[in-house]
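Engineer: So Swiss-Prot lists these for the protein:
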type     : residues               : note
ACT_SITE : Cys142                 : active site, acyl-thioester intermediate
ACT_SITE : His235                 : active site, proton acceptor
ACT_SITE : Glu237                 : active site
BINDING  : Lys163, Ser192, Arg249 : substrate binding site
SITE     : Glu111                 : site 'Important for acyl-CoA specificity'
SITE     : Ser192                 : site 'Important for substrate specificity'
Amino acid sequence: MPIRIPDNLPAVEILNSENIFVMSEDRAYHQDIRPLKIAILNIMPTKITTETQLLRLLGNTPIQVEIILLRPASHLSKNTPEEHLETFYKTFDEVQREHFDGLIITGAPVEQMPFEDVNYWEELKQIMDWSKKNVYSTLHICWGAQAGLYYHYGVPKRDLPKKVFGVFEHNKIKEHVKLLRGFDDIFFVPHSRHTEVTHEDVAKIDDLEILAESKEAGVYLVASKDGRHIFATGHSEYDPYTLKFEYERDLEKGLDIEVPKNYFPGDDPAKEPIVRWRGHGNLLFLNWLNYYVYQETPYDLTNIGK
């Protein structure tokens, strides 16, 4: 089934070229189907790239989804044209009286700052509080996962001695969990971060379950026992060249950055990267949408939280 997004969003042309079914708003309005209503709070600086990556995964499922793009009003984006934001994005003030089947909170390159020093932290706290009664299930990604774990459960983020950067092997540590259905015994996920949440800190919280982790990258998937909060510390949505872009960007800035691990053949940046996480990324988003949103959300969204 298709994703339903604004007619002129730049991602439309890219996704159509990849044979991902994208439905125009006009066509969708003439179908007698209630699509899942999914909001994406996009706090990445490269918003157009990130929205395309997420829409690619959301559009590769058999479930019709209506997408609402959100941005923090308290933050001025330096890397995305204001015209794009004004045309395709809404602010929290515009949607706070609405209800959603699902919410995705993206990562952001601010993990080395205390949460309270991030200029949109107060607004993000307001959104996460609102989500308890207005969103059925929320998927938090990378720094968004750290922020959600800290806000909802008091789990701290801790500095790493060096950046976790590359594509790493992961293992399931729970069986018979719907989010993990169909996962390989060993699966790969990109990571790009300077901080972590530790197994010990998460394990102290009775309401949380650690579902998957990596010997090198640490805790990866965490879920609340009711399935309404999913936390993914990696970037399964990344496209083939995102880590390459980040590596070259940091080199240009003169930063001390290592070649991303297990990404370039022979760790040679002159070679084409190998994508090992595409299947996992598609399955993660499919399982979240199907088992944690579609099969659980009330038909009348105003019944969320009741």
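Using the three backbone atoms N, Cα and C, a Cβ is placed for every residue, glycine included.
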Engineer: Inside 10 Å of the Cβ of Ser192 (substrate binding site), count up the other Cβ atoms and send me the figure.
Structural biologist: 20
Engineer: If you count, for each of the recorded positions Glu111, Glu237, the other Cβ atoms lying within 10 Å of its Cβ, which residue has the minimum?
Structural biologist: Glu111
Engineer: Can you check which residues sit near Arg249 (substrate binding site), meaning Cβ under 8 Å from its Cβ, same chain, 6 or more apart in sequence, and list them in order?
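Structural biologist: Counting only residues 6 or more apart in sequence, Arg249 (substrate binding site) has no Cβ neighbour under 8 Å.
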Engineer: To the nearest Å, how far is the Cα of His235 (active site, proton acceptor) from the Cα of Ser192 (substrate binding site)?
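Structural biologist: Per the Cα atoms, His235 (active site, proton acceptor) and Ser192 (substrate binding site) stand 8 Å apart.
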Engineer: In whole Å, how far does the CA atom of Lys163 (substrate binding site) lie from that of Glu111 (site 'Important for acyl-CoA specificity')?
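Structural biologist: Roughly 11 Å, rounded to the nearest whole number.
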Engineer: With substrate as the bound species and Lys163, Ser192, Arg249 as its recorded binding residues, calculate the greatest Cα-Cα distance and give it in Å as a whole number.
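Structural biologist: With Lys163, Ser192, Arg249 as the binding residues for substrate, the largest Cα distance is 15 Å.
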Engineer: Which chain-mates of Cys142 (active site, acyl-thioester intermediate) that are at least 6 residues away have a CB under 8 A from its CB, listed by sequence?
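Structural biologist: Once residues fewer than 6 apart are set aside, Cys142 (active site, acyl-thioester intermediate) is near Thr106, Gly107, Ala108, Glu111, Ser192, Arg193, Ala232, Thr233, Gly234, His235.
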Engineer: Counting across all protein chains shown, how many other Cβ atoms sit within 10 Å of the Cβ of His235 (active site, proton acceptor)?
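Structural biologist: Taking every protein chain into account, the count is 25.
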